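Novice: Per TrEMBL, signal peptide is recorded for 1-16. Feature annotation from TrEMBL assigns active site, proton donor/acceptor to 174. Per TrEMBL, active site, schiff-base intermediate with substrate is recorded for 202. According to TrEMBL, the feature pyruvate binding site maps to 245.
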């Protein structure tokens, strides 16, 4: 076993103890009865939007302002540099600085997941180590996809195994086919779930049958499944997911934490009613209007959204009105 893997294993008990000291249940919905995850991922994680100034520089003061507001919401933790953080548009230096900034502001009982996936295995390992040094608790590693035709199960298993071996912090797989054109194969997930330093997957594909099968096939492993969108959060919990990484949580964090709570309490009718009101706003800030829509909606709820980095363009006035009417029609504005 590599030194880095031994180091990651030594960190797990401390992280798990830290979590269990927090005021919430220490078992995700997808965790097999009678076993405890080494690091509980159960709950809601907003994948933070990266704030930019009008000149498109990272605005750390506005980031800290958003973090102060998020501190009052019972999130399990935060995801930094996911798809909604405009990760591909940030330089390596900026990525590490953003993680450092968030870590300084984040209470220690909140987990910090940081995106570190690159196209090459070597670059992914190097950035993952940098994220750990900057204070990340978990690395979120998206599938390499530029040469997607060559990304066979064997290639992806080798890639993630190398990253898991070398990472000083636990690794969560990240499958987001809408952006990568690549769905992490089920047999790869099942194989990788057996790795001692790979503790879960964020699945943004929205295939509930696939998510349920993941939970079922990995139930004997220390492995948790996270829903990648608020639009199918309730359905994901119903098939055993542990939590959710949801773009809409940047805007409607309290309602999403309430949905998480209702599901854990088994109050399914109330959960269903709330889920129904979240579907259209979630679609609006993800598939329909994307990050520009998410940032515009953040401004209506007291957060700093600001501009995106080019080539992402702002919404047109007509799109802004359509976005606003979607939130209004569901009772959020």
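Including glycine, each Cβ sits where the backbone N, Cα and C put it.
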Novice: Could you state the whole-number distance in Å separating the C-alpha atoms of residue 245 (pyruvate binding site) and residue 202 (active site, schiff-base intermediate with substrate)?
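Specialist: Rounded to the nearest whole number, the Cα-Cα distance is 7 Å.
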Novice: How long is the line from the C-alpha of the residue listed as 'active site, proton donor/acceptor' to the C-alpha of residue 202 (active site, schiff-base intermediate with substrate), rounded to the nearest angstrom?
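Specialist: Computed Cα spacing between the residue listed as 'active site, proton donor/acceptor' and residue 202 (active site, schiff-base intermediate with substrate) is 5 Å.
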